[in-house]
């Protein structure tokens, strides 16, 4: 059976996932969704893009790159917010693989897929494979809606500060004041000294200006707030992206070839490359009181 795959995100992880899919003969069509555009700072790890692509939509450029070089695979780009797409869009795919860098879109797609499964009485059950990276660490969650733990079941495994901003494309679509601070401090003025009072006051001024451009509240903005954000910024590492993307695609291949026990097999993989290379897989159990997938909420 030929497969139609949906990839969420065309950043560092999404590019790696898309590259891997070009090498799978059973994958005939891939749709990729991303609202962001390409920035100079992306080019060190998002290798489907180059200098001439700066300012262009990521999904569009990634699709064009693959379609030109791999004619056996059709890639369709969607330059939009995935939360604006209707449920009918998602039900056409055999697998959905996420390379997203934000929490809320993951929660949205998880809830959408669980709802599709339950409302169809399991006639529609689309595996959702979620990859995530944070510096030299990463994870892969394999979710079979209505059968295994859903994404919401494991939300308590996230760091307590969920709004820690990864080093990704925030230039054209800042959603909060944290995104503003990251852009100003790491892209516009990366050489300022955070120990200098004058430099921190300058950053505060520039953050206020950028926030005003995007109608973002500056209520909690201060030099101490900016310092806290700068210290929490996590870089994106290409090798971690490659390992997580490979694990995502391996899980998909296992499911496609019926090589995994969907109900009782391991569905959560942790990757830690901060001291050597460590990978650990285990079964994450469903929460009986999960607000998305528990029996009490699905009736």
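Each residue, glycine too, has its Cβ placed from N, Cα and C.
Features of the protein shown, as given by Swiss-Prot:
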| type | residues | note |
| --- | --- | --- |
| ACT_SITE | 168 | active site, glycyl thioester intermediate |
| BINDING | 12-37 | ATP binding site |
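Around the Cβ of residue 28 (ATP binding site), the same chain contributes 2, 3, 4, 72, 73, 74, each under 8 angstroms and 6 or more positions distant in sequence. By the criterion of other Cβ atoms within 10 Å of the residue's own Cβ, the least surrounded of the binding-site residues 16, 36 is 36. Listed in sequence order, 249, 253 are the same-chain residues six or more apart from residue 24 (ATP binding site) with CB atoms under 8 A from its CB. Fewest other C-beta atoms within 10 angstroms, among the binding-site residues 12, 20, 32, are seen around 20.
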